[in-house]
Each structure stands twice: as structure tokens, then as C-alpha cells.
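Written below as C-alpha cells is the structure these notes are about.
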Amino acid sequence: VRCTNSHYCSDKGVTVVITDQGSGPNTDFILSRRAFGRMAQTNDAAASLLALGVVDIEYRRYPNKNITIKIDENSNYPYYLAFVLWYQQGDKDITAVQLCETQNFVCKLLDRSYGAVWTTTSPPSGPLSLRMLLSGEDGDESWIVPVNNIPENWKAGETYDTGVQIDI
């Protein structure tokens, strides 16, 4: 996220992780004071920037990174699985996720807990594959299947690389 006010802001910006979304023409990024101040050129400019409270910004999603699955610390193998999808790119949003058994391809639609957190009770057994539904503002939808699976004995707190990037 980079502030476009060249009087106060550096051209470097700050890296933040967005885990939820708003909708409408005037959607805001609400940043911590620390992240907001780090967009400034200097410490003095940071104080002035914070005093403004609202600034115009530009942003981009993670370039050149594979989507990564971060298993939530509260997950309990094999009874409860929750994970966050990191490093989404492109113009489309992930609006649905299915968890599939790799042996018989039985899939289960996951619940979206909040933001990018997806959950299920009684997850399927064995190595698991994902299917993610990508939706664009134009109403276009498509499913994507990562090349890498979640291992059979997944562990809370671990991360797993899906092997795919969404750049559309």
C-alpha cells in the first residue's frame, strides 16, 4: 500500500496483509498507526500523515508468489481444519473453496469464517486437494485446482505451497 501524497509519503509504501474486504465505491483500507506512519518519508512527515487520518492510496496484490495455505493454530487433526489463503494475486477474488479427497475426489464445500479464513469440521481423510472459485466484478467465474496437495497428516501452524499463482 502506498500513499499518493508526495508531500508526506515515500515512494516505498508498506506491505500489509488484507484478510477481509468491503464493498462499494468508497471502500477503505484501515491500517494500524504503525503501518500508516511507515508510508511517510520521515518521522516528522509520519506525524503529519497521521494527523490527516485519510489519504489516497494505490496498492497491488502479491506479485510472483504462489498461493500458500496457512493452517490455523486452532485446527485439530483430523476433527477440525481452518486455514488462511496467503498471497492471492490478480483481479479476481476467491469466493468459494472446496476440499477434496485425492483418492476418490469427493469434495466438501468449506465455510468462509471471515476474510480469507476457510473452515470445516470433519475434514476428509488422506491427502487433500483444493478447488477455488475465482469471481470477477464482471460476473465471470472459474474454478482453479492447485497442483500441490495438503498432506495427509497436516499440522496446525504449518504452511503449504499450492504451486499456483492467480494472475488473471
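Cβ from N, Cα, C; glycine included.
As given in TrEMBL:
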type: DOMAIN; residues: 1-63; note: domain 'Expansin-like EG45'
type: DOMAIN; residues: 79-162; note: domain 'Expansin-like CBD'
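Residues belonging to the domain 'Expansin-like CBD' (79-162) score a mean pLDDT of 91 in the model. When the domain 'Expansin-like CBD' (79-162) is classified with DSSP, helix, strand and coil residues number 0 helix, 44 strand, 40 coil.
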